[in-house]
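Data block below; observations after.
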Protein chains: 2
Amino acid sequence: MQSAYEQMMEHVRETGALGHVAQRLGWDQETVMPRGSASQRGDEMAAMETVLHARRGDARLGEWLSEAEADAAVQADPVARANLRHIRRDFDRANKVPQRLAAEIARVTSVSQGVWAEARAKDDFAAFAPTLKEVLALKREEGAALADGGDVYDALLQDYEPGATAEQLTQMFGALRPRLKALIDAVRGAEAPPKVSGTFDEGAQMRLARHVAKTFGYDMSRGRVDKAVHPFSSGSGNDVRITTRTAADDPFNCLYSTIHEVGHASYEQAISQDYLFTPLGQGVSMGVHESQSRIYENQIGRSRAMTGWLFGQMREAFGGFGIDDAETFYRTVNRVHDGYIRTEADELQYNLHVLLRYDLERALIERELEVDTLEEGWNARFEADFGFAVERPSNGVLQDVHWSVGLFGYFPTYSLGNVYAGCLHEALRRDVPDLDARLAVGEVEAATDWLRDNLQRHGGLRPPRETIMHATGTEPDEGPLMRYLETKFSDLYGLSI
Amino acid sequence: MQSAYEQMMEHVRETGALGHVAQRLGWDQETVMPRGSASQRGDEMAAMETVLHARRGDARLGEWLSEAEADAAVQADPVARANLRHIRRDFDRANKVPQRLAAEIARVTSVSQGVWAEARAKDDFAAFAPTLKEVLALKREEGAALADGGDVYDALLQDYEPGATAEQLTQMFGALRPRLKALIDAVRGAEAPPKVSGTFDEGAQMRLARHVAKTFGYDMSRGRVDKAVHPFSSGSGNDVRITTRTAADDPFNCLYSTIHEVGHASYEQAISQDYLFTPLGQGVSMGVHESQSRIYENQIGRSRAMTGWLFGQMREAFGGFGIDDAETFYRTVNRVHDGYIRTEADELQYNLHVLLRYDLERALIERELEVDTLEEGWNARFEADFGFAVERPSNGVLQDVHWSVGLFGYFPTYSLGNVYAGCLHEALRRDVPDLDARLAVGEVEAATDWLRDNLQRHGGLRPPRETIMHATGTEPDEGPLMRYLETKFSDLYGLSI
């Protein structure tokens, strides 16, 4: 007879397979679905969500969990213990939120994204404010239900970064912000590298993207690269697909979006096959996921050594393109440039964008800030951090979709990912002293093998922070990221820090 | 409060949406899925099937059905009555087959296709025979459970063609066979039209396929055309996708596969939106579905008028391609050629292939034939019908996948579809006297509008035979098909019949 743990895992694996089906539908929708199928697809996704919701709240899970938690054989097995931890957290979460509230959140967020998109198109925050108030009120209520008297924002954070606390993040980000600002100020005073200009064939961009994806270790026999409006990675295990985008006047958009998504996808592809469709069979948190995409994109992909190789590939793909030497190419892809938009920010300024959102959303959840003064708050903070004013809400408070669909607690994982990438990069350089020599000839596996063996293959076995510590051997903090940025950009911009 | 009927329909619609998701997975698998994802996809499909199976056997359906059938308001509504008819049939079917037997059929047929494929590749019927015996024994048992003392083959037939009986089919096919053989014999004595030769760019073939698909009324805003190993149509309502294939030396394969699948897909696209995700929201039977693909492909697509237009499109796509006038083009695409393979047969010989399978599979189910003498029986019948001998089983009894996966009762729907296409074609010509003048200039909507209004939009509202009668005004029989074939091929081959 099957033990409670085995029965539970069978149920969980089947739910995992169905969840993966829903992800494939999402990929289909963004890449190949005919435009006239959208409304019907909504019904199909809703039916899948209904099935998944019922399975995740299945009362038998509670019984199986209690029995399995009391089973000494299960507790002696680290993989089983890790599964229990994930399933218990998800089950408790589902049961802490009243059915009425969950349904109301689903109802409101199914339309709020459309309201946000329209408000953004019209540059009219007031048109979005009433909807955002509704979403915020529901998320405050959900957070309170989850927090059980504890910190409401911390409770929401667990959906994206289990184990993280606002206290930890605030301390980390508090140390980052002044050092980032100082570095950015110094860079602004120095001579800027050249921009790239010209027209770059989009077919050639896609061919280069696929070639670079393979070079960075993406397994194309278990994945594929397509075009979509927004780059994303989707799926786990043996079917992990990425999308990228092309712009005729900016080949780096396609190139670095691809490398970024390859970081996410390689993580999913590398996880032990034993964990397929279980909670351990996917990236352990948003922050750890982002650490992979960022270290691929920035610490590796924008390194002097790697850009030397990439420069050669660009020449092969496009012939002469106005940048004539590898060092200028390196400076160009690391160009620091002012801008309003987070997703277009450079490596240096990106975290300032995130920190702004983190402070604002925490204040919103903690009722220290209300929607009526949010735009004002955004604009004041932006000018303080970036030194110039937001002139319209589509460049400011309306630029991101996250809050409109209730994603409070998501933003900080972007910067946490950068901090983790910094830690991993320092440990990688320690363990692979000749890394640059290898990257310079396109041997990225020196880095990707290290990441796979020390982090990626373990999936959700350890909690996020422990996942990083297991790979690096030390407690993560912002130090390595800042040392890396200060060294790199001082060198690039001839600063003396 | 919702009535039992309304509750049932909500459940049925959600099941329909999930079934459509499974179809999208199937499309993905055949078109875009990475090759290394196959095993994982198997688990995903199995999870979907488990969900669908549980929903279709849900005990509440039985209660809702009984209540709804006793509800006068429901019985007064023709749409509700039609839904009841479908749901009752499916529910009773699910409950007549013991769980043990259903599971055993699923288990055996999940591996038997692989055994068949290997046996076919090795040209070794004996390697397949034990597996086929297993499948046959299970299907005989299933048929007996479904038949409740009635005809076992008829019971299996209901899965593909509700309301059809072997008695009816045998009579119809009995009348077809001698007339087909006589016509084929006469054609064999006459001079054959030329074949096409040369190399045809496969990209140009796909562009032509998409252009022709649109001309034949396929709505590309709710569909798409991709390449796959086997052409198929998949989906219902607002997301109906087709695939086609290309061969560099045979542009007609791509062209007519596309038109055939457009027939299937247009049917699904045309069904009233009110029926979406209900039993009425899809083609009513295999036979009626095939009538649409065949009338698009043959009666319309291979008519002298339509090929005149298609000849011009071929010239635009490929320049000169060795056929210099529309009449020769017409004769070439209607060329009668000997062959072993059903799927490659011409319009005239195709039904002989099907009739052979129908008689053999009925004898198998009725225990008048056993697997041990099946190959022998096939070869004898083939030689009698076609006048030459099968020299290896991959060209004979091993050529089709159907029996390996338990599809007994499916084959006759191909010829029934041709018979129905003949009836619809006669009625279409009666109602649209200037059809040829319109087809000759590419105005296919004269035909497709008629099919949409008289047949396609009604989906599953009426049983299959009634669906045809509603469109034509008369009882369907083989007369119109034979008159059409005799007239067309006598003219083409200069026969005097």
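Glycine is no exception: its Cβ is also placed from the backbone N, Cα and C atoms.
Database features, via TrEMBL:
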- A:GLU261: active site, proton donor/acceptor (ACT_SITE)
- A:HIS260, A:HIS264, A:GLU290: Zn(2+) binding site (BINDING)
- Pairwise CA distance, the residue listed as 'active site, proton donor/acceptor' versus A:GLU290 (Zn(2+) binding site), rounded so that it is a whole Å: 10
- Counting other CB atoms within 10 A of each CB, which of the recorded positions A:GLU261, A:GLU290 comes out lowest? A:GLU290
- For A:HIS264 (Zn(2+) binding site), nearby residues of its own chain (Cβ under 8 Å, 6 or more apart in sequence): A:SER233, A:ILE242, A:GLY283, A:HIS289, A:GLN292, A:SER293
- Item | Additional residues around Zn(2+), ordered along the sequence, whose Cβ is within 8 Å of the centroid of A:HIS260, A:HIS264, A:GLU290 | A:SER233, A:GLU261, A:GLY263, A:HIS289, A:GLN292, A:SER293, A:ARG294, A:TYR296, A:GLU297, A:GLY417
- Query: Using a Cβ-Cβ cut-off under 8 angstroms and a sequence gap of six or more, which residues of the chain neighbour A:HIS260 (Zn(2+) binding site)?
  - Reply: A:PRO231, A:SER293, A:ARG294, A:TYR296, A:GLU297
